[in-house]
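The structure appears below as structure tokens.
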């Protein structure tokens, strides 16, 4: 059966998409936002957290990225709970935590905490800093932004393309959280919703971005990064295993991904950025998991529609994902 025949897609999200990125930031555990955002696969709500007795009893060390004593956290099963534990450790509101990086206090998008934490990883929490409002003239269809989210309701800038519209605006930096576009709040929205809104803004018009930058340590002030290099995925840790955080169900301790899985996830994540303007290693990992045992593109399409139907992936994207997984299987990197 040719790819796409007989596929029954769910209705598309309320907004069309632009340049978004699901660090493993898009973990799908955020609360529904004003545009209907929810977990991976859209507005579906996850199961309630498992009882504490069923959660892995692992202890991680953490600091605030701009500087703090070292804290110890444990007993979390998803990103939202992780932020709550960090907030408790440092006596600050959980809403102040923007995102976390692993083993570096810098705003390094290659080290963004997503769906997995190495058992020996050190967690640095980036909290809200200066707020700013910027007017942008959309002179080109593409703004040059790649968007991700933190899995708990905040979308932020993961990459700025060199020479793009946004690259010429020095006030906008990688790591900035996008609070609102033209006064419309985006708190609680997923990365792909924010990207679609940006893409739908009319060319030749000026729009307003309300942003919040992460609070910076002294050695980070005045540093402006374009984000991680395409294809350079996050380094997941130095331990023998990882703690995998899930949007539904308990966290689990797993072996490190195989070389095939790492390469396939990286290639699928690149496709997400190319087609949708988003990067989301957790979403990419889910797609690889769904596709690695499928016999043809149509079986993959059916699995994606069933599990991730709210993304309404186009057929050509599904075909490329199938090819990327197949290439990784036979070592064509």
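Glycine too: its Cβ is placed from the backbone N, Cα and C atoms.
Here TrEMBL flags 1-11 as compositional bias 'Basic residues'.
TrEMBL lists 1-52 (among others) with the feature region 'Disordered'.
For 23-44 (among others), the entry in TrEMBL reads compositional bias 'Gly residues'.
Look at TrEMBL and you will find 133-213 tagged as domain 'PDZ'. With DSSP classes pooled into helix, strand and coil, the tally for the domain 'PDZ' (133-213) is 13 helix, 31 strand, 37 coil.
Per TrEMBL, region 'Disordered' is recorded for 222-244 (among others).
The compositional bias 'Gly residues' annotation in TrEMBL covers 225-240 (among others).
Looking only at the domain 'PDZ' (133-213), the predicted model's pLDDT averages out at 93.
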